[in-house]
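**Q** One structure, pasted below without further comment.
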Amino acid sequence: MRDLQLTQVAGTRKSPPAMISSGGEDADDMKEDVRLLDSYESLGDNDNSHRIVIEEDGFKRIQVRVTGMTCAACSNSVESALKSVDGVFRASVALLQNKADVVFDPALVKDDDIKNAIEDAGFEAEILSEPIKLKTKPNGTLLGQFTIGGMTCAACVNSVEGILRDLPGVKRAVVALATSLGEVEYDPIVISKDDIVNAIEDAGFDASLVQSSQHDKIVLGVAGIFSEVDVQLLEGILSMLKGVRQFRYHWISSELEVLFDPEVLGSRSLVDGVEGGSNGKFKLHPINPYSRMTSKDVGETSVMFRLFLSSLFLSIPIFFMRVICPYVPLLSSLLLWRCGPFQMGDWLKWALVSVVQFVIGKRFYVAAGRALRNGSTNMDVLVALGTSASYFYSVCALLYGAVTGFQSPTYFETSSMLITFVLLGKYLECLAKGKTSDAIKKLVELAPATALLVVKDKGGRCIGEREIDSLLIQPSDTLKVLPGTKVPADGVVVWGSSYINESMVTGESVPVLKEVSSSVIGGTMNLHGALHIKATKVGSDAVLSQIISLVETAQMSKAPIQKFADYVASIFVPIVVGLSLVTFFSWYISGILGAYPEEWLPKNGTYFVFSLMFSISVVVIACPCALGLATPTAVMVATGVGANNGVLIKGGEALERAQKIKYVIFDKTGTLTQGKASVTDAKVFTGMGRGEFLRWVASAEVIFCLSNVSLHVFACDDYDMCAYTAYQSLVMAWCPI
């Protein structure tokens, strides 16, 4: 049992006729106002006394308790039955909560019709009573970030972007080849995250949600699961937790994906509930989405490297059999030994190349088929076309020779070496793409991994401290920040005073005094005193997260020149295939007409084979990958280097316009200078030796700094010199000048 899925969330949605036929303001207002999020459970004690009803612009939403569902297939049956009712706009079923959430047009469907549809499907239904109002957000769109695997060139990017933009409810979609990420702004009323993932996967690409502005999904690493019994225990614990909608456990990675209701259950409460319910057997820790992306990049690079080595290992013997072995008598006689209808060398080359062509090179056929199915072409189409022509011609030549006795030359090594070199290029491409994301990794590392949570009783008195993961911090948490540690979250000081270095955000090197009611920024360094802060902004609302989001948006933006390059790449492959056919017929017809001598032909060769080799050469050397990767890679490197140096660049268009800049105005402190004093020279004007002088200086500085006499910025800078000066004094003691 590799994956365990307890609940299946509703899949595709049906748009009402009014929304399809009307493109005016009424339909847009309805989309913005009506929030069809998944079921909101009440925090009350009696679940049976709650009902959610929304009546806006003619639509109504109710919750129905469904009894008798035992698995995901049952929930799918209920959803199908509800969606088949004329007038139902959206229906989703939560297996764990035994509830169905239905949005429908009351002019066409009554509450009893919903109930009867569920009962006709073989389940018991009860419409929940006591209407309550559901709060909706003023902005009806959500922003989701998805990883997209399988993209190889700009044509793939154009294909995915076209698919996403054609989905109903998607307002904006941007896909970046260099990071394999897609950013989608969508209306949750019309389409869900699962629908977007399914649309990408239906197009032949791999897709998964990284993060969303809805904050309803968390990925946890789980320790302590060793058997299916442990999985069943985890299933039982999660089933008892209120607010859990869906979860999936991955055996290989030991990761648990949980979809929950943030209005009912917090991420820390979820972790505490699982660990407490298992009596400490399971240990859970949240996984940063950027860390998951980094591990995927590393995994993709290692896979590509293994494929390249395997192809190289099999291609070298083929190359030697073609080039070296004919000049070694013993090896030549062994390869010419006839074994059945073919020579031993032909058998060996056929077997080795078949492994390279169809096992190692399978990814090219899969990607080419995916592109052709979507009505586009890419680099994989060229590779599959060129190598297949060489391979199948060689196979036909062997079979023709076995039947007629005429030995035509084969070109198995052409196929294997081409795949080997293309895989080498893919490996180098993965390395380049991995380096472009270094800026994001360094920004993520600015935030501390853990935080000290101040535990309070019901009266608000501090009764202890607890170390938690910084990803589990929730608004209104009271956190303790020790001297020399980073502030774990944006917040307000409620106790203590200290100087904090905010240069990573403001660029000002002078530490800022923070007292009660002062605001602090997550990721900044607390220099001296201890602080208690109240967290106000966490997750994507924090300043550091917004900086990371800004850098990501800049890296995903397309410069005007890149848009032109993408257009060229979209028509590049058909043009190359056309040129390849022109090349073939030109050489073939010229040969038949005697335009070039027969001496040009290889031994036992024909005009067809001679022309085919030129045609294959045109196909395989024409690679649009560089055309599609050059500009986004340059944009990513530029924005990454800028972010590391405190300069935030808005994207490729800003970089392209930067060539017209004539004057630059700098704020000197912290930009042209480091804003930090340092010792440059040490001169002794008395009879004291330099070594003895440095020993005295080091002793005075250590005592001065450790006693924390002064908080002046120069005193802090002297503190950084203490270790170096003390080291110098020890050296001088052994080697006096």
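Each residue, glycine too, has its Cβ placed from N, Cα and C.
TrEMBL lists these features:
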- 1-10: compositional bias 'Polar residues' (COMPBIAS)
- 1-28: region 'Disordered' (REGION)
- 60-126: domain 'HMA' (DOMAIN)
- 142-208: domain 'HMA' (DOMAIN)
- 303-330: transmembrane segment (TRANSMEM)
- 350-369: transmembrane segment (TRANSMEM)
- 381-403: transmembrane segment (TRANSMEM)
- 564-587: transmembrane segment (TRANSMEM)
- 607-630: transmembrane segment (TRANSMEM)
**Q** Please report, as numbers and ranges, the same-chain residues at least 6 past the borders of the transmembrane segment (350-369) whose CB is under 8 Å from any CB of it.
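**A** Those are 150, 152, 156, 204, 307, 310-311, 314-315, 317-318, 342, 378, 380-381, 383-385, 387-388, 391, 394-395, 398, 412-413, 415-416, 419-420, 422-423, in sequence order.
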**Q** Per DSSP, what is the helix/strand/coil residue tally across the domain 'HMA' (142-208)?
**A** 22 helix, 24 strand, 21 coil
**Q** Give, as a single whole number between 0 and 100, the mean pLDDT over the domain 'HMA' (142-208).
**A** 82
